[in-house]
Structure formats: C-alpha cells, structure tokens
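Participant: Pasting in a structure now, in structure tokens, and then I'll have a few things to ask.
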Protein chains: 4
Amino acid sequence: MNAQLHTTPSHDYKVADISLADWGRKEIDIAEHEMPGLMAIRRKYAPQAPLKGVRVTGSLHMTIQTAVLIETLKDLGADVRWASCNIFSTQDHAAAAIAASGTPVFAWKGETLEEYWDCTLAALSFPDGKGGFLGPQLVVDDGGDVTLLIHKGYALEQGDDSWVNSPSASHEEQVIKALLKRTLKERPGFWTKVVADWKGVSEETTTGVHRLYQLAEAGKLLVPAINVNDSVTKSKFDNLYGCRESLADGLKRAMDVMLAGKVAVVCGYGDVGKGSAHSLRAYGCRVIVTEIDPICALQAAMEGFEVTTVEDTLGIADIYVTATGNKDIITLEHMQAMKDQAIVCNIGHFDNEIQVDRLKASGAVCTNIKPQVDKYTFPDGHAIFLLAEGRLVNLGCATGHPSFVMSNSFSNQTLAQIDLWANRDRYQPKVYLLPKKLDEEVARLHLEKIGVKLTQLTPAQADYLGVPVDGPFKPEHYRY
Amino acid sequence: MNAQLHTTPSHDYKVADISLADWGRKEIDIAEHEMPGLMAIRRKYAPQAPLKGVRVTGSLHMTIQTAVLIETLKDLGADVRWASCNIFSTQDHAAAAIAASGTPVFAWKGETLEEYWDCTLAALSFPDGKGGFLGPQLVVDDGGDVTLLIHKGYALEQGDDSWVNSPSASHEEQVIKALLKRTLKERPGFWTKVVADWKGVSEETTTGVHRLYQLAEAGKLLVPAINVNDSVTKSKFDNLYGCRESLADGLKRAMDVMLAGKVAVVCGYGDVGKGSAHSLRAYGCRVIVTEIDPICALQAAMEGFEVTTVEDTLGIADIYVTATGNKDIITLEHMQAMKDQAIVCNIGHFDNEIQVDRLKASGAVCTNIKPQVDKYTFPDGHAIFLLAEGRLVNLGCATGHPSFVMSNSFSNQTLAQIDLWANRDRYQPKVYLLPKKLDEEVARLHLEKIGVKLTQLTPAQADYLGVPVDGPFKPEHYRY
Amino acid sequence: MNAQLHTTPSHDYKVADISLADWGRKEIDIAEHEMPGLMAIRRKYAPQAPLKGVRVTGSLHMTIQTAVLIETLKDLGADVRWASCNIFSTQDHAAAAIAASGTPVFAWKGETLEEYWDCTLAALSFPDGKGGFLGPQLVVDDGGDVTLLIHKGYALEQGDDSWVNSPSASHEEQVIKALLKRTLKERPGFWTKVVADWKGVSEETTTGVHRLYQLAEAGKLLVPAINVNDSVTKSKFDNLYGCRESLADGLKRAMDVMLAGKVAVVCGYGDVGKGSAHSLRAYGCRVIVTEIDPICALQAAMEGFEVTTVEDTLGIADIYVTATGNKDIITLEHMQAMKDQAIVCNIGHFDNEIQVDRLKASGAVCTNIKPQVDKYTFPDGHAIFLLAEGRLVNLGCATGHPSFVMSNSFSNQTLAQIDLWANRDRYQPKVYLLPKKLDEEVARLHLEKIGVKLTQLTPAQADYLGVPVDGPFKPEHYRY
Amino acid sequence: MNAQLHTTPSHDYKVADISLADWGRKEIDIAEHEMPGLMAIRRKYAPQAPLKGVRVTGSLHMTIQTAVLIETLKDLGADVRWASCNIFSTQDHAAAAIAASGTPVFAWKGETLEEYWDCTLAALSFPDGKGGFLGPQLVVDDGGDVTLLIHKGYALEQGDDSWVNSPSASHEEQVIKALLKRTLKERPGFWTKVVADWKGVSEETTTGVHRLYQLAEAGKLLVPAINVNDSVTKSKFDNLYGCRESLADGLKRAMDVMLAGKVAVVCGYGDVGKGSAHSLRAYGCRVIVTEIDPICALQAAMEGFEVTTVEDTLGIADIYVTATGNKDIITLEHMQAMKDQAIVCNIGHFDNEIQVDRLKASGAVCTNIKPQVDKYTFPDGHAIFLLAEGRLVNLGCATGHPSFVMSNSFSNQTLAQIDLWANRDRYQPKVYLLPKKLDEEVARLHLEKIGVKLTQLTPAQADYLGVPVDGPFKPEHYRY
C-alpha cells in the first residue's frame, strides 16, 4: 500500500490516491440526491451550527454515503476527523474527495491491521496547535473500535495493565495491545486527557451496541452512549433493506455467479439475515436458514425457508452467508466438507463469524482470483471461495448499502450527535435510545423523495386512539 | 335465530344446533394435530392441575381453535364458561362440540347485539349452587368486552352512573347500558362481588391491550392484566401470518372474486396490514397502502407498495381492506365515490373502521347476496359490496386464522392464565408482558411439528454473546 | 341424491334444488361484471345471432361462470343443453338458475358415476318433437367426455364392439360401456345420426386436447376440433393464474389448514403446477416439485424450488398436490408412507392421478369429515386426508376458478363455436388452434376492466418490427 | 484506445491488454464449473471432432462465458475467429485469455463504431496462407451483424449498390457502407467467395432471428439458419432468468442506487421484460410496465403490475428500462419531462430503443461520471443519467448474464453448429428450430449441477400420455 500518512497542516490525511477526488465528488453529488434526511437536517440545523467547534471523531466505513454524513456534521459546525471501521470497506474516491475538501481522513481499501489501528489513532488525534494532540468531544462509532480503544487506553493509564499483558486471542488483539503500549510511551497521559473531554458516543451497529450494554452493565462505561442501531429507522431499514440490496451486489461483483437454482445457506435470521434470505430467494436460490433462537427460527419457517443446521447442508449448498454477530459459525471443518466451489462470505459483523484464521493455517492452498476473492484448495482437490477475507462482503466486494437507506441511519447518527452535545450536562454514562418522535421524524424526512403521501389523523381519530395528531403513534414495545 | 338459552344444570349452553357436535369434534381432533403448543402444555402441566377449580370466563371467537384452548384450560383444572367476542365469528359446529362436552358456551354465528351481550353476561355467570351467580376468577379476553363490562358494572354499583346515562355514540353502547341497568336491578351487588374474586385478565388483541393501557394510565384498572398481544409469538405471528392466510380466505368464500389484476387498498400497515398487503400482492393484486405513521409508511414503500390516501384511490380501486384499529377509515363519502362493484371489508378490529351505520342510513339499497355479503346500491346506480357488515372478514366470511398460528397465541394465553393464578399474590393492577423466556418457549413448542432443527449455541459462543446457552437470546427492545 | 330427471317440455332439467335459482341469479349478475370478454362478445355478436338455432351440447363444470357462458351462447342464438364434466364440480345454485331460465341442464354436486353419464346423455339428447332425439350440431367439451361418448357409440353402431366388450380398467369404464350397450338397444342408430349432424367441437383442457390429437393422428377424429386450451389466453391464464387462486381456496375450505411452514409437494410443473407452486410458496410453504420433463424441472429450479421425487418426500411433506395430467402419480404405497395427517389432493385432471381405487380397497378406514373431505386411517394408526375423492380439489372443495380468468377461457370457447359454425364447410376433421389475432382480441377485451392502458405502435415502429400496427404482434412459436 | 491490430501469424488478435490473460484464465476456470452443458458436450463430442477444420466466425459478446463457448468449439475441432457484437460488452480479461491461447479475437470494451466493424471484418477473414482471406464455413451470430454484413457485401458484389448508396438512417449505417465500399475496392470478389463456402448460421437473439425470418420471407436468405433464440432452454432461460440477475447488477455497478421505494418503468413485457420487472419488484421497486401487445399486457396485470404508457409515468418514475426490441421507446421528449436524476437504460437489444442520438444533439450538457455512466443536464437544470450510452446495460455496466444460464444458450449454439455442419447437405436456406429432443437434452445436462432429481415415467404412464419414456414430452406448441 503506497498510501502515506500526511500530518502537516496542509496535508492532514492518508488516502490511496488523492487524484480520485473529482470522481468522488461527482458521486457525492449524486448521493446527496438520494439522502434527503441528511440534506433536510442540513437545511434545518446548519444556521444554528449546533456542533460549532465540537471535535468529532468518526470510525465508520469511509464510503460515498459516509462522505455526505461527514459533510453534514461539518455543516453543523463540527471539527471532524475520520477513519474507516473495516480494512476493506473504504471507497478510495470517497476518501479522496473528503481529503481534498480539507477534512482529515485516514482510510483506504485494503489496509493491514497495523495500518487500520494507526488510522484509528490518527482520527482520534486532533492537533492542539502546540505539537500535541487533543481527543474528540464526540465519537461516531461503528462496531465500537474507537470506544474500545479509548476504554482500554484509559484503563492502562489508570494502572490496569492486565488486558494488554494477557495472551491474545487473535492477531488483531496483538496489534491493539502493541499500539496501546506504544502510545503509553509516546503520548503519556493521552487517553486520560481524551476521556476528560469526551462527552458521548453514538453507535451504529448491533455488535457495537451489544458491547456498550455489556460495559454499562459492568459499570465501566465512561460516557453517555446513544444506541442508534435500535432506532426503528436504522435496524429495520439499514440492516434489513440495506442487506437485501447489498448482499447480492457483493456476490455478483465478486463472483458473477448465477444465483438462480443454487442452494444458499443464511446463518442467522435477524434483520440482516432476513434481508439476505429474502434477497437470495428472489433471485431463485433455494435458501436454508440456520438459527439458535426459536422465535426467529419460527419466523423463517413461516416464510417458507427450510431451517436446519450448517452440518446438514454440507455437500449440498453452494453459497454460505453468515449474518449472526456471533463467532465460529462456519468452522474449518465445515469448509473442509463443503461442495466443490462453494462460496463463503460474511455480512454479519466481524470476520470471526468464519474461521478464517484456522482456514489460512490449515494447509489449504490460497489462490487470489482478484481483490477480495480467494480460492482455497484443500488437499483432496476440492476448493471453496472466500470473499473479502471473511469481512463484510457488501462493503469489501461491493460498495456497501445504497445511499437512501444510509440516509436513514445517518440521520439518526446526526440527531444523536446534536442531542448528545446539546444535553451533555444531562446525560449519564448509560446507553440511550433516541425518542420515538425523532425516529418518526427521520422516516418523515425520507417520504417525499419517494412520493409517499401520508394520511393525516383527524383530532377525533387521534382522540379515539389516545395519541397526538402528529405522533408519536406507537407504544415503546411496538415492533414494526 | 332459533338458538335457545338453556341454564338448567343439564343444559347450561346456548348454541345454534347441538347436532353439529360430532362434526365439530372431528374438526377439533384435526386441529389438535395442528396446535402442538397447546398439546405440549397439556402434557406438561395437566398432571399438576395448576388451574384446579379456578373459574375462568372466556370471551373469544368460538371457533374450532378456541375449542382446543378451552379444553386445554379444562385439562389444567379450570371451570370454564365461554362466549364469543364477535357476533359473526362463531363456528356453530365448534360451539356445539364444546356444549356437548359439558362446557357452558353461549355463542352462535349471527347474534344480534342484544344476544351478544346477553351471551357475555351468561359466560360471566357461574351458578353458585344457591340460585345466584359467582363471577370469574380469571378472564381470557379478546377485544376487552368482558373487561369493559365488569369495569362499567362495577363503576355503576359504586354509584358512578355518568356513563350509563350519557348519550350513546352507537347502538351497541345503548345495548350495553341497558344490560347494566337491568343487572343493577336484577342482580344487585353482582359486579362488586365479581371484582372481589377477580384475579386477572389476559388480553389477546391490539385493541383490547390499548384499552388496558388507557385504564392503567388513568389509575382505573381493577386487576392485573397480561398483554398477550405483544408477545412476539402472538403479534408477529397471529396478526401477521394469520391475516396473510385468512384475509384472502374471507374474500374468496364471500365473493369468489379473481384477485389477480385488481387494485386493492390496504388501510394501515401494522402487522395485520403487512400480512394483508403481502397476501394480496402474492395473488397478483396491485396493492396500495394508506398510513398515518411515517415509519410504517416508509416500510410499505421499501416493500414496493404505493402509499397514498384513500381519496386518491377512489374510482380506481376494486377492493378496500381496513386494518388500522382506528375508526372512520372508510367513510360514507368514500363509498359513494368508489368504483362500481368495489368490495369493502375490515380485518382490523371493530366494524367502526368502516362507516357502516352511516351507510345503512344513507338511502343506499341493501341486497343480501348470501350470509355476510351485502350489496349496497347507491341512487346513482353504482354499487359496492360490504362483507360481514364491516366486522372481521376473516372470521365473518371464513373461519378465522388457521390452527397452527392460533396455537402460538393460545399457548401464550394459557401460560398467562397459569402465571396470573400462580402469582396472584404478587401481581399488581398493571399491564404486564410475558417474559421473553416464555415467548421463546412458545416458539420452541411449535418447531418440531414443522420439521425445524435449531442450532445450539456452544458455551464459548454464548459467552461471546453474553447470553445464556438456552436463551433468552435477545434484548427487550429487539423487534424481530 | 334427491335430484330428479325431468324431461317433460316444461321441466327439461335435473338439478339438486330449483329453489336456489334466485341466489344463483344474484351471483350470475356479479359474475357478469367480472367477465368482460363474454359480455363484449354478447354486445358485438348478439345482433347477428351467429348461432341461431344451432344445437349446442356443453359438458363443462356447471358453475356460476359457466352459466354466463351458457347465456352468452343463448344470446348468440344457440339451442343449448348442458351437463357438468365432473361429479363434484357443479354449483347447485348456478344449475338451478340456469334450469329456472329454461335451459335444459343436468348437473348437481355429488353425482354417482352412473348419474354422471346419464346426465351427459341427457345433454346430448335434443327432443326432436316426435318423441325421439337429435344430437348436437356443436359441442363444448371439457376433458373430452362427450367426444369420447359419441366416438365410442358411433364405433359400436358401426359394428366395432371390441371396446365395449373388453375388460374395464376402472369402474367408470364399466359405466360407460353399460350406457352404450343400453343406448344401442333403446335408441338404435342414435349415434350414427348424431355424427351426421355434428359439425365440430371446441375443447377446453390439456387432457381433452391430448385425446383429440391422438384421435386425429390415428385418423379416427370424426369432426373438426378447436383446441381452445392452447390459446395463450387460456392455457397461460386459466391454468396458471386460475390455479394460483383456486388451489389454496380448495385447501382452505376443505381443511382450514395453516399453509405457512408446511412442506408441500407439487407433482408436475406445467402451467397448473406453476400456479400451484407459486401460490403455496406465497403462503409460506416450503414447496418441493416433482417433474419428468427436464425443461420444466430446470424452470422449477430456477424459481428456487427443490426438485426431487415423491419418494424422497415421504415422511417429510404435509401436503401433496398432483398437477400432471398423468396417472398413478401418488400411489397407495406413497400414501402408506406419508407423514401422519398429510393432505392429498389433485388439481390436474382426472382422479387417477392419485390411486384412489387402490386406497379404497386397501383396508384403510375411511372417516368422512365433511363433504369432499375424507380421512383414511391405515392399520398402523397414521392417517391421511383425501380431498374431493381425488377429483379436482378447486372445483370439488371450492368454486373453481374465479370469473375473470374464466372469461378469458370462455371467450375463446365462444369465438371457437362461432367460427366452427360459420366455417363449417371449410373445416376438416383435424385439430385447430384459434388464430393469434383472436387470441389477442380476447386479451384486449379484458384490459379495460382492470385499468390497463396499452401503448400504441407508431407506423414507423410497426414497420421496423415488420408487424401490423394493430397486431398480431408475435410469431407463432412465441411462448409468452 | 490503445488496442492494436496484430495480424502477423504469431499475433493474430486485437485486445485491450494481453497482460490480463492470467486473470481471464482464472475466471474461465471458475466459469467452466458453472457451465455444465458445454463441458458435457466437450466430453461427449470432442473425441469425434465433429467440426474438425471447420472455419467458424463468431460475433458475440466477448465475455468469460463466451470464452468457454469458443474453447468448446475448438475442442470439437473448429478453426475459430471471434469479434464482439457490441462495442461495450467485451470483458477485456476474457479477450486477453482467448488471445493468449492462440485464438484470433478482435474485441475490447469501448470500441468506436468504426473499430467495431473493422473487428467484425477481421473475424471474418481467415488467412488463406497466400496473403488473401477465406470466409467462415459456419457463423455464430448474435444480433445478426455478421449475417447482415455478408448479405450486404454479396449484394453489392452482385451489382446491387442501391443500399450502400442510399441515405443513412444512422451513423452506424454510414460506417457499414463505408466498410463495404472499401472491401469492394481492397478485396474484390471477397464476399462472393465467402458466400460460396458458407454453410450456415446459428443466431442467438430475438432481434437477429427476426431479421432472419424477414430475409427468408423475402427469399433473400443465402444459407440455412438455426434459430437458437427460440429454443426453450434459451429464450425462457437466458432472456428471462439471465436478465432477472443481470439488470440489477448493471444498475448497481453503474449507480449504486437504492432500488427499494423507487418507481421503475419497464418498457416491454416479453421474456426480457418479465425478468426485469420481477427483479426490480423483488428489490422493492414499484414497477410499472408498458406494452403494445394485449396478451403480454394482461400477463403483467395478472402479476400485479400497473400497465400504462411512458407518458403517464413522466415526473413520477425514477428508473426506466427498455426491453422491447423496438425503436424510439424512450424519446427525447420523454427524457426532457422526466423527474430530476431519473436513470435511463436499455436491456432490450439496440441502443435505438432510447433516442440517444437526439439526446446528444439536444443541447443537454453531458457529464461523464465514470465509464458507461453519463449525466445529461437539460437547460432547465434537471438531469437524467444514461447508462452504457443506451446499449445493453447488463453487458455495458456489469458482466452480462452469469455463466450457468449462458451454458444453456451456448449448448444450443454448439449443438446447432454441429448439426448445421453434419447435415449441411440436407439443410435448405430457411430458418430452423432445434428439435425438442435436443432442447430437453440441453436442460438435462444442467440438472445434476444444481441437484435436481428427475422423476422417470413408467412405460404404462408413457403409454397413457402417448409419449416416449425418455421424451420428447410436449407438443410443439407447448409454451412452458
């Protein structure tokens, strides 16, 4: 990777190829038309500049859509630094356009793990004008890597070195620990200073939210957190409809494979799995679902999917998609027993849904077909294809979710950032959901673009239902 | 209606035709195979008889499926009396079979409103052996009519006669008030005695639950209530998958109409509306959705449905289905402007979703085609068809939801009844949801029947997720 | 069956209950609105009376839709006599309305085989005013029973008694032979006279058409035949979209069974099978297809259906639907090995798709649940449900295809009848298809009703395509 | 374009970048696994070398799948030269791999029209070893360009110069005429010699076939032609299921646009339109269909699509897809009236389905976003996106149909080539369909790969149906 870290005031970014900026800008222009929620928020809030001067660090796939989010935050007054949250998910022309516009961004497609965490650190390091660094006041997180790094760094500086000195479960853990040891030496007291200024985080994903709840339950969460993932207009749109569009996109760009007639296994039938399974069926796949949760399993059955275990599909299925948020879903032994030329990919969260490390160490011969497409041939001669090295296939092999659905998610992110800052004195170090009224507002901002005409409650009807004429309309436990 | 009220010990029931009992029994036998949840609960709990001697009043569509619920409650030891909760929803052979087996039941298809409320009262009246009546200790409610009656009767006996003497918004309200005035005279102190013994209610529907929350918020709820409707295995199954099957069934049995090629308007895109809209689309209808809630509207749009107002569809649409739980959705003016031969029906809750009363009083000529199918011809010559007089079309024109999905709902009802009784000393007069663990259990009881094979978490995976190996698996706010 | 044969001039019909005529008439009125093709043909042709005085015998399911066909033929001037072509498919109120209007009809739901063939003979017997009978000049056939009877009767009168004296493969064959022997005695020379006047037949079904081609190839076809089944607006609409609506209707009315989550096997993936499989999947069934034809099998696979043999599904599947036009698809051995409570039905053509005769003789105990629903319990205790005794489930258990799609089929029938008569001197005893121009015309007649707006070719575009501006648009081999 | 024409014996090819050959070869290896039909044909026929030494010219999109076809023809003994049939459809790594293997190929992505026709001529020019050129003995054609060129060249040499001297309707016509005039001068007698050796052509597309039938009707067809397009395993698979997969692929790679919630107009509801419409609906588009043929229009309506004119959708629709095979479907006036940011593309056949020439000359400002994606901004400020300059969007913006479905089409092509050669003495200069037996064989060759298990007819069943036990199973007019 020939990307170079520039931290002089004039070139505070690290991207693959700054000459892609023009192309990136053209696509950002197109995306703005598809992101009516963010554009409406700009129109409504920019005049007041509610994030004026606030230092915001983002760790979120550096795509065209994210570029529109970044520029929305800047329009609201924020001082933004950005990194990607996945080594393969950056769109280099998007990163170039953001860099060219003067926003510090540290992201390119195909980072090493060492580079990835260095980028994360760079996004956290706001020059203080005196040769040192300040941390962010707000964090936009996706998967919780920034939150993790700050918490671990802070713990280390507080004298708790148990984690950094414990045996590492993965190569990535080693990398993080090495980074923390280095910052401890190079920037003593840095993490403590970061925590002092940090007012809150809004988190995008199921996985990251899960980590936050665990921290909160353990009493270790350092700042208020807004769970953006569980806004209806996020989890029921981005996770479901986003994946319904982007899974097949990733498979097609990677493999150009005919989906009709294939047997596809979708592991997990949450929102991501639902979107994935329905997309594959619509293409003419025979879809088999695996589940641990009896309710989700029953839902899959009611939709006509066969529900069984991965083991029962070996030798039969052509395509495997993990969508669980859990680990070790596709094991090395599974891959060894799959049909020749089976395709294996992940759209859940981390690459550990598939035992990639064990596969690499297994003696299977790896042939790279093209970027993000590897063929592993086992000693017995049969082979499988692993996409995006087990990381998110829609981001690694295609361009992630399309703009319109991300406009929903990112409108929630932006409203969360505004609220975290405006009410920074009132929030506690807990995990919050956005109020339903805002959730409905995000939806409302997207209706006109697609020609939806809402019906208006009469006062008599609102009274009959016992809800305000303009909402919110549903009880908190409503599931949509 | 030649049904006759029998209250001698030997004939404590009122059904349309007791000779249908054999046929009903054959269909109950079939239904038992389709209701694995209830049958599993019988096997597990009957030996302990957890409802031994408990007086249970049920007000719930007297169908074949309900017969299996009734006999499950009896197997658990309960002393059961039953009425239907809808004047058209009784399956007469089901009622006959239950009556023939010795359970007091008061229900037939096509009751008048007066008969309906008399039946409800009869189901509430357990002979005390001394010529008087005891009330139920537990209530199984659907739509909240029993709960309403007891609360209103109790208020009246406590001296609050404001409601019974207020002007009535509908004929049905008049009937209820007359009944209460009569019982005040004939059975003085009855409602107060009922309340004294009453330990709780489990409620089946969105509408009934909504009423309960309103009562609770107003501090007027007299007993603990379990909101069965919002168990995932109820609202996301019965409401969604049940309606997906039973709406078309009602339309077909009523009208034998070709659905392909028709324009159908579904008012409301909650769970019931979702099931309805998807069913009609699968038949080849062009489906248009109306919504007040921007989130649900956006969901409909993401599924490819046109979303607009009823007004915009007049003259174009062939079929109207209300699924809102609200009132005045299809007004008289709408019906006057519809395409000739348009079909209008309701699968939401009450018949006031359609302005039936205004239609009847409008001067349109009503021709009865067959039971539950009326043609209204307007002075200008064009006509519409109204199904089931605006009441639930799936129950009025077909046989309601199929057994398998009702087994989910009724398993929740049964577990709620058991829990209300077992913990009657701990519950407060509030509205409760069943714990997620029980919700998952209900799903689990239905998997084997349809051949679903669950995947089992390993301890390492459970630890990674931070959930128990056997669940519950999801946070409370999870939406499925 | 209390239906009685009336052949005095004043009561020349035999139906179940003439008092159902009013109800039948109301439903015929509704159906007319749903059958725009037939109504347009009436408007266009009735003034010329192209079938004035022509004796037409129809053998086609005596439903509400057929009533509209019959009255269309009468409007065109024909002298019509009618029988059903299936012992269970008559709608008694439709037959009553037709009888009441003065058209001789011989049909009721639940005929014995003897009654069925007597009805067919009655429909063939036009009183000659001198105590004898004339045969039809034109025949509308469905399944080819009338055509068969005339051909067999004629052969017998010509001295070929080989068939009537051969061993019978089924009870039905015995019945036919007995009838022929009887007419030989009672009406000597009748069949020869029938053939002399007979000018042609139009045939509705795949099965009947297949028989006609076999007769033609063998040089034994006595009259010109128009293959209506293979008009696009018949086979691709009635067979496909009709079954997509009526299969589930039959299953629901018979069994009230939840389809979601069930495993359903559809035997045959022709047009009928395609409609059936797609309908069941839309309900949430997991559908498995069986096929003998590799092309149809590949189509099923491309649509995501598992394709395997019946044997591989035994013990797994809940529902079996035959749609092949072939025999012995579901054997006794299959039924003996099915899952307990499996449902077996046929939507293909004859009841011999399922080995009903062998089942009845097998020692399984038959319990009738309600009309058309029989439970067969095998000695080992497990049971299956057989619907409509193996005859067409949509006609036996529901009301057949809806009006709109039948309007397409019957418009083809009517145009065929008109053409057969108008050009009776030019037709040869061969099997003909209707010209594509008429096929397109039939479609065109149905568009306005459902709001379809066609695009019109410009002359330049028509020239570019090399087709007339108003069609026909496609080459003969085009498959739609 | 830096591609260079090499015609020395050692480098008889012209491709974009020969260094892409390795990548191309890896993808060819993958494709072979997905093209079981072609591989089976290789195994079965290669030993006899039925095309030994036969000169074959192909004009067909130079993709990875076509590479497998080319190598199959070579395995059968043929001497092959190839060009693409579309200026944008070449996959450069596929062309490179074919060139590297020694097969003369003349194709790259993004040819000018002049280059395109030069490539076609190069593919027709087999060096005769004496500095001159021989023509092909067989032609594989897609769209009929090779057939057109030979017919026009031959006519010119026969003295008929009316066409080459007539005014040209398009720039492309000018290019062809210039080429013919040049060859007349440079290679006198060439076309006459080509025709003398030419034994037949197999044609792939609806459009090309249509041209052939027109030639045959006019008595001008010079050689036997096999209509491969209308093999069931071609038109009902490639056109339908291929487009169902590749349309969205093209849209996604070009625009990364969210399809859910958009209004999409599909012009034409033939096989290509059917696949397109169903794909878009499955993504959550609201799909509107336009049609000229009442039968296809009625089919669209039965599937729940709104059917209206392009005019009625202007200002409402977001995406336009032409799939007609006709011209001037989307006019300049349409584009001027479309919604801002509407996307316009073609998956039918030629770019004249959209008035691209008029658009370019209209004064709208063209901004190239990336290859194959152009934004045209009209004077009033609103803009549209035109994909692949109006040529096939699935080939221009993605990689065309996936391998598996092309294996069906190309198996038909290969069997046609074998048959044309083997029976070259018996064929007449007419248009032929492949016999149904071969059609079924092609399907059969693809079943095992996707796990389909066929049912086998018993002799008794075959006898009952009157078909051979092993097929063919259906009459010629059967539509599948």
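Here the Cβ of each residue, glycine as well, is placed from N, Cα and C on the backbone.
Nobody curates TrEMBL annotations by hand; they come from automatic prediction.
What TrEMBL records for this protein is below:
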BINDING   D:T63, D:D142, D:E204, D:K234, D:D238  substrate binding site
BINDING   D:205-207, D:N239, D:268-275, D:E291, D:N326, D:347-349, D:N394, D:H401  NAD(+) binding site
DOMAIN    D:239-400  domain 'S-adenosyl-L-homocysteine hydrolase NAD binding'
Participant: Out of D:G273, D:E291, D:H401, point to the one nearest D:K234 (substrate binding site) in space (Cα versus Cα); all of them are binding-site residues in the record.
Facilitator: D:H401
Participant: Going by C-alpha distance, which of the binding-site residues D:G270, D:E291, D:G348, D:H401 is nearest to D:T63 (substrate binding site)?
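Facilitator: Nearest by Cα distance to D:T63 (substrate binding site): D:H401.
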Participant: To the nearest whole angstrom, state the Cα distance for the pair D:H401 (NAD(+) binding site) and D:D238 (substrate binding site).
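Facilitator: Cα of D:H401 (NAD(+) binding site) to Cα of D:D238 (substrate binding site) measures 7 Å after rounding.
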Participant: Of the binding-site residues D:D142, D:E204, D:D238, which sits closest to D:E291 (NAD(+) binding site) by Cα distance?
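Facilitator: Result for D:E291 (NAD(+) binding site): the nearest of the binding-site residues is D:D238.
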Participant: Rounded to a whole angstrom, what is the C-alpha distance between D:D142 (substrate binding site) and D:G270 (NAD(+) binding site)?
Facilitator: 18
Participant: Can you give me the Cα-Cα distance between D:G270 (NAD(+) binding site) and D:D238 (substrate binding site) in Å, rounded to a whole number?
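Facilitator: The separation of the Cα atoms works out to 12 Å.
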Participant: Taking the residues D:T63, D:D142, D:E204, D:K234, D:D238, which the record names as binding substrate, find the longest CA to CA distance and state it in Å to the nearest whole number.
Facilitator: 17
Participant: Report the mean pLDDT of the predicted model across the domain 'S-adenosyl-L-homocysteine hydrolase NAD binding' (D:239-400), rounded to a whole number.
Facilitator: 97
Participant: Going by C-alpha distance, which of the binding-site residues D:N239, D:G273, D:G348 is nearest to D:E204 (substrate binding site)?
Facilitator: D:N239
Participant: Take the binding-site residues D:E204, D:T205, D:G273, D:H401 and keep those with a Cβ under 8 Å from any chain C Cβ; what remains?
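Facilitator: Checking chain C against the binding-site residues, no residue falls within range (Cβ-Cβ under 8 Å).
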Participant: Which whole-number value in Å describes the distance between the Cα atoms of D:D238 (substrate binding site) and D:G273 (NAD(+) binding site)?
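Facilitator: D:G273 (NAD(+) binding site) has its Cα 12 Å from the Cα of D:D238 (substrate binding site).
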Participant: So, three-state DSSP: helix, strand or coil for D:D238 (substrate binding site)?
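Facilitator: Where D:D238 (substrate binding site) sits, the three-state DSSP reduction gives helix.
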Participant: Let me know how many other Cβ atoms fall within 10 Å of the Cβ of D:E291 (NAD(+) binding site).
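Facilitator: The answer is 29 other Cβ atoms.
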Participant: Should D:E204 (substrate binding site) be counted as helix, strand, or coil on the basis of DSSP?
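Facilitator: DSSP call for D:E204 (substrate binding site): coil, neither helix nor strand.
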Participant: When you measure from the Cβ of D:D142 (substrate binding site), how many other Cβ atoms are you left with inside 10 Å?
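Facilitator: Its Cβ shell of radius 10 Å holds 26 other Cβ atoms.
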Participant: What count of other C-beta atoms do you get within 10 angstroms of the C-beta of D:G270 (NAD(+) binding site), across all chains shown?
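Facilitator: Around the Cβ of D:G270 (NAD(+) binding site), 25 other Cβ atoms lie within 10 Å.
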Participant: Measure from the Cβ of D:T205 (NAD(+) binding site) and count the other Cβ atoms within 10 Å, all protein chains considered.
Facilitator: 25
Participant: Can you tell me how many other Cβ atoms are located within 10 Å of the Cβ belonging to D:K234 (substrate binding site)?
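Facilitator: Neighbour count, Cβ to Cβ under the 10 Å cut-off: 28.
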Participant: Could you list the residues of the same chain, at least six apart in sequence, whose Cβ is under 8 A from the Cβ of D:N239 (NAD(+) binding site)?
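Facilitator: D:N239 (NAD(+) binding site) has long-range Cβ partners D:T206, D:N229, D:G270, D:D271, D:V272, D:G275.
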Participant: Using a 10 Å radius around its CB, how many other CB atoms surround D:G348 (NAD(+) binding site)?
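Facilitator: Within a 10 Å radius of the Cβ of D:G348 (NAD(+) binding site) lie 29 other Cβ atoms.
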